Amino acid sequence: MRTRHKPWADDYLKENKHIVELEPVSKHKRWKDNFSEAQPIHLEIGTGKGQFICGMAKQYPNVNFVGIEVVKSIIVSAVQKVKDEDVNNVKLINEDAKDLREMFSENEIDHIYLNFSDPWPKNRHEKRRLTYSTFLEQYKTILKENGKVTLKTDNQSLFEYSLVSFSNFGMVLEEVTLDLHEIEDSTNVMTEYEEKFSAKGQPIYRCVARFV
Ligand code: SAM
């Protein structure tokens, strides 16, 4: 996701501390206290500009959503979207998702979404893929028993790699869809990348995998 440097981003995030958590490690074990309603927490990793998380928050008001986005100049757009859409069940974290166990307690999350994650096509970068085994270990810890991971991508290689990675980890593949828009799932909330790629006629892959 390309973006211009935004020198005002630091100040903007500080002004919006009620939406974006700048010290997520200190919130460890307390995420549910961070929302006005005690309800299940779903986590999106690589939130981008916030279209998916805001759409989901409106569609599922009985769920609390946390989005992690590592790039400051991108997460500011997500913060702005949360404000524009006036949703109160979204919190954002400006961090790398590599240490999720530092930010969340065991069994704290009900569902994880990986939307159009960076594919890291080179073999030597395999460990950076968000479906690499070390990430799955983290997901398993912070997810509740039988917690699920939903992956959406346009990238066939990442999709195939992830199916194998989920299976090797002993996860159950509950859904594997090779052309999401063909099946017309009315509950599907599109991400920015999903809109862009599907407009070009590219199929969108989706997989729902459950830990056992
Ligand atoms: N999910 C959005 C969508 O579908 O439109 C954005 C997709 S974009 C290709 C991937 C996003 O994930 C980027 O904004 C990137 O900065 C973020 N990202 C990649 N690796 C990350 C990580 N380890 N932790 C947090 N964010 C990450």
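Placed from the backbone N, Cα and C atoms, the Cβ positions cover glycine too.
According to TrEMBL, the protein carries these features:
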BINDING   Glu44, Glu69, Asp96, Asp118  S-adenosyl-L-methionine binding site
BINDING   Lys122, Asp154, Thr191, Glu192, Tyr193, Glu194  substrate binding site
REGION    124-129  region 'Interaction with RNA'
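A Cβ within 8 Å of the Cβ centre of Glu44, Glu69, Asp96, Asp118, the residues given for S-adenosyl-L-methionine, is found for these other residues of the same chain: Ile45, Gly46, Thr47, Gly48, Ile68, Val70, Val71, Ala97, Ser117, Leu130. Taking Cβ-Cβ distances under 8 Å and a sequence gap of 6 or more within the same chain, the neighbours of Asp154 (substrate binding site) are Phe116, Tyr193, Glu194, Phe197, Gln202, Pro203, Ile204, Tyr205. In the three-state DSSP scheme, Glu44 (S-adenosyl-L-methionine binding site) is classed as strand. Same-chain neighbours of the region 'Interaction with RNA' (124-129): 117-118, 135, 158, 161-162, 165, counting only residues six or more beyond its ends whose CB sits under 8 Å from a CB of the stretch. In this view, Thr191 (substrate binding site) is surrounded by 24 other Cβ atoms within 10 Å of its Cβ, with every protein chain counted. Ranked by Cβ neighbours within 10 A across all protein chains shown, the binding-site residues Glu44, Asp118, Glu192, Glu194 are led by Glu44. The secondary structure of Asp96 (S-adenosyl-L-methionine binding site), as reduced to three states from DSSP, is coil rather than helix or strand.
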